[in-house]
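Chemist: Quick one: this structure, given as structure tokens, is what I'll be asking you about.
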Amino acid sequence: MESEDDYSPLITNVNEDLTDLFVEIFAQKISVDPEFTEETYQKKHKSFYIHRILSKHIKDTSGFSNEGFQGETDDEKCDSENADMPIHLEDGTVLKIQKYRYFRHKKCEMVWDTQRCLFAKLDGLEQGSTCTDLQWAGAQPPAPRTRGKLLNIYGLNEIKVPIQTIMALILLEVFNPFYVFQLFTIAVWLAEPYYYYCIAVVLMSTFGVATSVIQTKRNQENLRATVEAHDTVTLYGGHTVDSRFVVPGDVVLLPAAGCHVYFDAVLLSGTCIVNESMLTGESVPVTKTALPRISKTYETREHAAHTLYCGTKVIQTRYYNNEPVRCLVIRTGYNTSKGQLVRSILYPAPADFKFDRDSYKFIFILACIAALGLAYTVVLKAYRSLTPGDIAIKALDIITIVVPPALPAAMTVGRLYAVSRLARARVACLNTRAVNVSGSVDCVCFDKTGTLTEDGLDMWGIVRVTTGISPPALGQHKDPKTLNDLDDMKLGMATCHGLTLLDGNLAGDPLDFKMFESTGWTLEEPDIPDETKYELLIPTIVKPRRQANINVDDFHLPLEVGIVQQYQFVSRLQRASVATRILGEDVLRLYCKGAPETLRELCQPDTVPHNLNEVLSSYAEKGYRVIALATRVLELTFQQLQKMSREELETELEFLGLVILENRLKPATTAVIKELKDADINVVMITGDNVHTAVSVAKECGIIGAGERVVTMKVGLSGEVYCESTMHGVPIGKPYPLARRLSGSSDDSGRWTGSGSVGERRAADDPESGAGCKYRVVMTGDVWQILRERYTSCVPNAVCAGAVFARMTADQKQQLIAEYQALGYYVAMCGDGANDCGALRAAHTGISLSEAESSVAAPFTSHDPNVSCVPRILREGRAALTTSFGVFKFMVAYSLTEFLSVAFLYYFDSNLTDFQFLYIDVALIVNFAFFFGKTEAYTGKLCATPPLTSLLGIVPLFSLIGQMILIAVAQYLSYFSLIQFPWYVRHTYEGDEANECWENYAIYAVSMFQYITLAIVFSHGAPYRRSVVTNKQLMISMLIMTALCLYITITPAEWLAKFLQLRLPLDPMMAYAVLVIAFGNFIAALFFERFVIQFMMEERRMIPKCIKEKRARKTPYMMIKRHLTHSDYLLNVDLIKYMKETSGGGSDNSFSSSATNSSDKK
């Protein structure tokens, strides 16, 4: 219930039956019945929402101010008042109704479709519309009365971020199970009375709650300040309105000087230069052109070149014949692209951190122990004939002892120390709870531009085809400025781009900019149309900086090339092209650039150099970005050109050569990637940039190793996915289709089998090991979309082997993060663009390198814009997680130790006194817990194994059980030593406050040293934290408290003994016996924790193989890695047999391709 949309507590009574409804929102399964909405995420988390079903009359516009149209009437007929209004739904259905029912769920309006009997999401005008329909709608803007109805349907065009009140945040925080138990504990202590420690716990809890509430409030306010914006806009017809009152169907005029876009719209006329960094993360101006008048269904992705998105900025507009640049609003509010991005921030996927889940389970176990203690106390005290009131107080008191009330505050203090250390390293943390999660990260996803690399590319040179020999071959590297101005290679580099002039400066894609800049030419865009020269209204002209002439029919004309037609880069086609005309020529020249593998198929075979693969390999190994250029002469007029399709033009090309560029990495990138990979952390690149640039950068920085094959997944013309394998840039074999389902066989054993590889034998020896596959998968956002729709069984393995995901939208980035999380990874996302916000929010650990939009969504923000902060955050996270484990075990062991002491003394009708409790709880426990987290993070190499995340695993449980056995034995030995002295007399019950006895002394004296022992043994050092001896504050505190405990045990002053109500033994040998037992307990506990637990079980993994196998089977990516290790389908050495997992569903987690023959390889 995180927004005002979810506050409706009831579903109203309606006449119609609403049973058996189904709602599907953002790939999350939602089942709807008359009472509630249920969301299931990754089969782990369930959320239930109760909504109020509302009715809406479209013509009832009361409550809405039709700003800018007040007092105006339209010329509609009288019956227009009762005309049905079209309602566009997400699945393309258009309802024509006057009244409908709906409910709001997470800022989305779900409309009831009476014909299909289901709820569907209300969407924009483009759903179910063709390009012609949208152009027609733009020619007839809605009348004032119609605008009022649309305003009633879609609401105000605003993206409001709800901010909870301080009281609401406090209530949400204090209803945490830990704090609820604290209230119960405080009530019991007040009844005893035990005020001192009660006050200490209240102060610590108040500090923890206040810290969390202030942090959450600040985050919400920052998000609101970042995303909420509005301005005035001018509608077609002269009306000026506030952008909040714009409705779908409005036609907005775009000013020539540019503006911010507050809605999603299609461009109806003119062109726009737009900065879409909010969506793509790439601060590159993009040219938007008018939507074509064709009878083709409008698709957001296909027609992105004609769509303006909310949150982007129009830098400049250009119009023809004084016609204003117009756009048709199709989506407003949370239906826009920006609205969806904000929704992903407001409603992220549930965070699944095993440590937090296990902590609650562990508290349940402690509660069971407390129940046993309660039963023991009731039976024992009833046998002693105590009053029911006294029995109740004693029984409840032992419950408060078992569950440590100071645990939340102690855990918070440890995280705050980590946050302060990160702040000194110029890393801000918005959420202290994210620090622990970052310690479990085993997969790091990076954005590319601005994160791994500097902005832009650098020209390295060209390699031209030598045509004087047969067959043609690629020659030596050259500087493009040395080429003749009439050389086709130079003409192609000067014209085949999407650059434009903004305020007299070139702007556009960095690759295009560097390629054009290297030619030394200039670009002009005349203000006055010249229809006779190039048959275009506003041509783009390129020419050499120095005057150059050509001879045409004995006339000397300046060398000028006009760009007649542009075909923008399409990721599916992997190419872009332009049609040009040289001044004075009668023919057109087509220049095409793109991936060398793609252009080779489009060129005439006799023009393709025979050494192309060899040259590509040499440059690919060095990490360069390689672009191919080709050309074709077109004997066409401009009118004929317009009638031809792109596919008809981009054939029979002549291969010209290669353009070599490099994308410079940031200085820290390579070292950080190496450090992460050495720590066995899966490193992935997720970018909105070109796939070839991304792969080149991935090879250069080490994400893709030098000896790893690259399997590029592509979409064929028929929509099928196929795989291409390359090694060192050279293709291996032919492209093969990706099988939709796993085809394999199984035997009776149900095990996976292969060819007996090393990976198999290693997996048999250590179920948790996985050498990983010998190839890395590369794909684009288009492929990712098709995989999710048609190849669902292949997604897990493709993701597990993935290295580069290019051309990914903001939603796709978030989907990929969720997929890695579903595989069992703890994922960190590092990015710097607003398009990374959803992924940063969805990841377990979001790291922003920008202090703009992305910093609002990410819990970590680095003030130094490079990835060197990532290892630092992981180190601090691992240290904080180890600290939390240590503090948790320390606090639990302290409670159980105190429980054993009290239970032991209850048997002798005694108890610890209030000031003995106070000394233990405050002087020892709170003191040590406060300094426990000041041990700094380990400064050496990142360990290949992250810290444990499960409190209920065999290692932490064995550690706690072993320590408690040693503590129980030591306390018994202390009592056993006491009864050996002849002066010992058993204590008898003399009243509730008569607790002074020798049994009390023996148990209390030895237990004081046991708490110090627990603090030392649970303070683990390397490989996650520095040695405990480096924690000066904790060591000084321990030395002081050890000296004080020695003083209390051996020869306390009379006033101190009376204050603590200690009955000192008659023989000082008893005190020395206690010291010997405490020292022996310390040695045994230290040996057990350091050697048995840390060395044998954590480092050497000497635990039963069945337990390791069980853990591996619960972690999908471990099983997938094991299978990929010895099912490398692209090696094609033999037939791989895939065996079905005994647990079922193994065939759905497989990534395979059709088997190939060795003869297919080149």
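Cβ coordinates come from backbone N, Cα and C, glycine included.
In case it helps, TrEMBL gives these features for our protein:
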- 1148-1162: compositional bias 'Low complexity' (COMPBIAS)
- 239-345: domain 'P-type ATPase A' (DOMAIN)
- 741-769: region 'Disordered' (REGION)
- 1143-1162: region 'Disordered' (REGION)
- 166-188: transmembrane segment (TRANSMEM)
- 194-214: transmembrane segment (TRANSMEM)
- 362-383: transmembrane segment (TRANSMEM)
- 395-418: transmembrane segment (TRANSMEM)
- 887-908: transmembrane segment (TRANSMEM)
- 914-933: transmembrane segment (TRANSMEM)
- 954-981: transmembrane segment (TRANSMEM)
- 1001-1022: transmembrane segment (TRANSMEM)
- 1034-1050: transmembrane segment (TRANSMEM)
- 1070-1093: transmembrane segment (TRANSMEM)
Chemist: Tally of helix, strand and coil residues over the domain 'P-type ATPase A' (239-345) according to DSSP?
Modeler: 22 helix, 36 strand, 49 coil
Chemist: Given the model, what does the mean pLDDT over the domain 'P-type ATPase A' (239-345) come out as?
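Modeler: Mean per-residue confidence for the domain 'P-type ATPase A' (239-345): 81 out of 100.
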Chemist: Against which stretches of its own chain does the transmembrane segment (1001-1022) lie, if we need a Cβ under 8 Å and a gap of at least six residues from its ends?
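Modeler: Apart from its flanks, the transmembrane segment (1001-1022) reaches 882, 885-887, 889-890, 893-894, 897-898, 901, 904-905, 912, 916, 919-920, 924-925, 928, 932, 935, 938, 940, 963, 967, 970-971, 974-975, 977-978, 1028, 1031, 1034, 1038, 1041-1042, 1045, 1048-1049, 1062-1065, 1070-1071, 1074-1075, 1077-1079, 1081-1082, 1085-1086, 1088-1090, 1094.
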Chemist: Any residues 6+ beyond the ends of the transmembrane segment (166-188) with a Cβ under 8 Å from its own?
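Modeler: For the transmembrane segment (166-188), the nonlocal Cβ contacts are 198, 201-202, 205, 209, 212-213, 216-217, 360, 363, 393, 396-397, 399-400, 403, 405, 407-408.
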Chemist: Would you mind listing the long-range same-chain contacts of the transmembrane segment (1034-1050), meaning Cβ under 8 Å and 6+ residues beyond its ends?
Modeler: 923-924, 927-928, 931-932, 934-935, 1005, 1008-1009, 1012, 1015-1016, 1019, 1028, 1056, 1060, 1062, 1068, 1071-1072, 1074-1075
Chemist: Sort out the residues at least 6 away from either end of the transmembrane segment (194-214), same chain, that have Cβ-Cβ distances under 8 Å to it, and list them.
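Modeler: Non-local partners: 166, 169-170, 173-174, 179, 182, 185-186, 405-406, 408-410, 412, 416, 432, 914, 917-918, 921-922, 926.
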Chemist: Under a criterion of three or more Cβ pairs within a distance under 8 Å and sequence separation of at least 6, are the transmembrane segment (954-981) and the transmembrane segment (362-383) in contact?
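Modeler: When sequence-distant Cβ pairs are counted, the transmembrane segment (362-383) does not touch the transmembrane segment (954-981), since fewer than 3 lie under 8 Å.
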